Amino acid sequence: MVAFTSLLAGFAAIAGVLSAPTESSVEVEKRQTIGPGTGYSNGYYYSYWNDGHAGVTYTNGGGGSFTVNWSNSGNFVGGKGWQPGTKNKVINFSGSYNPNGNSYLSIYGWSRNPLIEYYIVENFGTYNPSTGATKLGEVTSDGSVYDIYRTQRVNQPSIIGTATFYQYWSVRRNHRSSGSVNTANHFNAWASHGLTLGTMDYQIVAVEGYFSSGSASITVS
């Protein structure tokens, strides 16, 4: 996609279905290739969604590990983390991330009251999610400057159903596929620009793609 607004439309479709509550939460085996759903895998919460296009294989591994392989995938997003998340967690992630096309590696989650969808983007493929957005500020954390943005979604799917809500973004300038993210640094920086979070819902390290191909193998802790 060539515009931030069109990207967000794709994100809304992805994130809305990703975040919608399901009844598929189950404790899965140590390593298992799964279909779309949410649940727990070796002590970590996972969430995986795709739009039904062929070519995506999501596999939960041991501990906080997961792998994704995709080709001409349509929309998908999947990853592992915590339910609920916290506002001061230091999230460690490591592994490989090899996108060809439009794809993202990010800390992703939601809060309630206010209803907020948020991203801390660590790496991306050919499309920069800040394209066309209004920059509110920046924060230096974990070895890089991140640019801060806010966008709004109107009557879009969310963790409470169709709603109007804001999205908060930190986009890292120096891409990486391994490291630590001090989420408090981002949340505090957002708050200094009036971007406050409510009660935390889930918080995961997510790989997502939009009509692209690639592979990722990530471990979260």
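Cβ atoms here come from the backbone N, Cα and C positions, even for glycine.
Not measured: the values here are computed from a predicted model.
Annotated features, as they stand in Swiss-Prot:
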| type | residues | note |
| --- | --- | --- |
| SIGNAL | 1-19 | signal peptide |
| DOMAIN | 32-221 | domain 'GH11' |
| CARBOHYD | Asn69 | N-linked glycosylation site |
| CARBOHYD | Asn92 | N-linked glycosylation site |
| ACT_SITE | Glu117 | active site, nucleophile |
| ACT_SITE | Glu208 | active site, proton donor |
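Across the domain 'GH11' (32-221), the model assigns an average pLDDT of 95.
According to DSSP, Glu208 (active site, proton donor) sits within a strand segment. Non-local contacts of Asn92 (N-linked glycosylation site) by the CB criterion (under 8 A, 6+ apart in sequence, same chain) comprise Gly179, Ser180, Val220, Ser221.
A strand conformation is recorded for Glu117 (active site, nucleophile) in the three-state DSSP classification. Here the CA atom of the residue listed as 'active site, proton donor' lies 11 Å from the CA atom of Asn69 (N-linked glycosylation site).
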